[in-house]
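Trainee: Encoded as structure tokens, here's the structure I'll be asking about.
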């Protein structure tokens with residue numbers, strides 16, 4: 001996890017703490033390995049129930065199994081509830097049994113049999129939270145949310161994305177206010193190099209658990225119900241949530257989902273190993289301004305548009321460098337605020353044509369693709385200010401400018 005994501009997580013915990021305090025409760029953050037933490041605190045605090053999100057990823061599946069064994073040993077109940085995804089992936093896979101592999105079209109058909117996702121049984125009241133108040137008020141200070149200095153990361157984050165439910169709900173309301181935009185949203189028509197996000201930018205809040213994906217799903221359903229016409233999956237806003245579910249479902253049933261070797265749905269490709277080129281791609285030094293501007297935004301802000309992700313992923317893999325998608329996945333895992341085991345690996349396999357999609361000749365040009373939606377290169381000028389004085393006709397290909405023009409722009413290529 002990179003520093004930006006740590007900041008987002010700490011901001012999210014701090015916001016949760018403030019919101020719980022307003023309800024008469026508080027958040028206690030205990031650091032350490034989960035098994036030893038539970039062993040130490042079950043008897044000390046007389047804990048009778050441990051609750052957690054029902055997860056589908058290997059680490060968390062193993063964690064849940066271990067906690068259940070601990071519960072049997074130490075005498076506490078384990079309550080596992082579906083919260084991070086819309087659907088129970090096990091139910092989807094049961095309905096798909098004997099039909100390999102699960103395609104998105106088949107996936108949507110299964111969802112139509114399941115109907116809308118279930119809503120939570122009930123919401124907690126203020127009284128519920130007050131009952132959870134620790135008896136010892138000194139505990140809140142002993143188990144406070146860590147500060148950046150505690151984790152040895154920079155004290156401030158340059159990212160415009162601030163973590164927390166409060167911020168996530170404000171962003172949600174801001175986007176849902178424009179019901180026409182919501183109803184007509186189609187993913188391919190959004191702009192990858194607009195200076196402000198042309199999509200909702202909610203993904204970090206879903207990924208970190210600040211926002212309920214069900215809340216978003218049902219708010220969208222209400223807007224669609226009032227609209228004469230609205231876009232449909234896979235390109236609609238609800239369709240984006242269903243892509244998320246699709247990758248969760250496939251990942252939960254696929255061994256070695258984040259690797260090429262031993263992954264039954266992934267093509268085995270002899271990728272190049274080139275540490276120098278990988279480093280230049282990661283640190284925005286490829287020499288292609290459109291690619292380097294995207295990688296700069298990723299490093300500075302922790303978020304880039306999905307089509308920008310497509311462009312740099314294609315460039316690293318089958319488009320230009322022929323370096324393994326696993327290497328790109330690791331970089332995104334470190335730098336993205338919304339990094340996610342299932343979605344990150346699934347999209348990298350897709351963009352490298354290793355799984356799900358195999359039209360190798362559909363390649364994102366590192367020059368023309370960005371120029372189509374931002375011919376003046378404002379995005380490049382923002383994230384690569386060293387090129388800001390180049391005329392627009394050279395901004396995507398500055399090496400084509402004459403030496404005199406490069407001198408006038410204040411940047412000699414190479």
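From the backbone N, Cα and C atoms, a Cβ is placed for every residue, glycine too.
Got these off TrEMBL a minute ago, pasting:
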- 199-203, 240-247, 338-340: FAD binding site (BINDING)
- 1-86: domain 'Photolyase/cryptochrome alpha/beta' (DOMAIN)
- 271: site 'Electron transfer via tryptophanyl radical' (SITE)
- 325: site 'Electron transfer via tryptophanyl radical' (SITE)
- 348: site 'Electron transfer via tryptophanyl radical' (SITE)
Trainee: When the Cα of residue 203 (FAD binding site) is compared with the Cα of each of the recorded sites 271, 325, 348, which one is closest?
Mentor: 348
Trainee: Return only the integer: C-alpha distance in Å from residue 241 (FAD binding site) to residue 348 (site 'Electron transfer via tryptophanyl radical').
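Mentor: Here the two Cα atoms are 18 Å apart.
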Trainee: Could you tell me the mean pLDDT over the domain 'Photolyase/cryptochrome alpha/beta' (1-86), as a whole number?
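Mentor: Across the residues of the domain 'Photolyase/cryptochrome alpha/beta' (1-86) the model's pLDDT averages 93 on the 0 to 100 scale.
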Trainee: When you measure from the Cβ of residue 241 (FAD binding site), how many other Cβ atoms are you left with inside 10 Å?
Mentor: 21
Trainee: Nearest to residue 271 (site 'Electron transfer via tryptophanyl radical') by Cα distance: which of the binding-site residues 199, 243, 339 is it?
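Mentor: Result: the closest of the binding-site residues to residue 271 (site 'Electron transfer via tryptophanyl radical') is 339.
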Trainee: To the nearest whole angstrom, state the Cα distance for the pair residue 199 (FAD binding site) and residue 325 (site 'Electron transfer via tryptophanyl radical').
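Mentor: Pair distance, Cα basis, whole Å: 25 Å.
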Trainee: Per DSSP, what is the helix/strand/coil residue tally across the domain 'Photolyase/cryptochrome alpha/beta' (1-86)?
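Mentor: Its residues divide into 48 helix, 10 strand, 28 coil.
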Trainee: Can you tell me which of the binding-site residues 201, 243, 245, 339 is spatially closest to residue 325 (site 'Electron transfer via tryptophanyl radical')? Compare CA atoms only.
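Mentor: Comparing Cα positions, the candidate nearest residue 325 (site 'Electron transfer via tryptophanyl radical') turns out to be 339.
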Trainee: In whole Å, how far is residue 348 (site 'Electron transfer via tryptophanyl radical') from residue 245 (FAD binding site) when you measure between their Cα atoms?
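Mentor: About 16 Å separate the Cα atoms of these two residues.
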